[in-house]
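Annotated in TrEMBL:
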- 47-77: domain 'AMP-dependent synthetase/ligase' (DOMAIN)
């Protein structure tokens with residue numbers, strides 16, 4: 001995806017924290033990502049919400065592949081209302 005800015009990795013296993021994930025472009029573990037949003041004095045700024053079109057992609061969930069090959073399912077902003 002040409003507009004992908006960041007892949008946020010939420011580790012579910014302890015060994016993920018010690019792995020070299022540099023081969024995944026634009027990736028970041030969740031904790032450093034959350035820390036990067038703080039101001040220099042450690043404060044968390046107010047959240048600013050952006051209006052998105054209903055079909056704007058917001059997340060990708062990977063399927064397990066139980067009915068075929070694993071694949072990424074793209075969820076749009078509209079799915080948040082269903």
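Glycine is no exception: its Cβ is also placed from the backbone N, Cα and C atoms.
For the domain 'AMP-dependent synthetase/ligase' (47-77), the number of residues in each DSSP class (helix H, G, I; strand E, B; coil) is 1 helix, 11 strand, 19 coil. Note on the domain 'AMP-dependent synthetase/ligase' (47-77): mean pLDDT across this stretch is 86.
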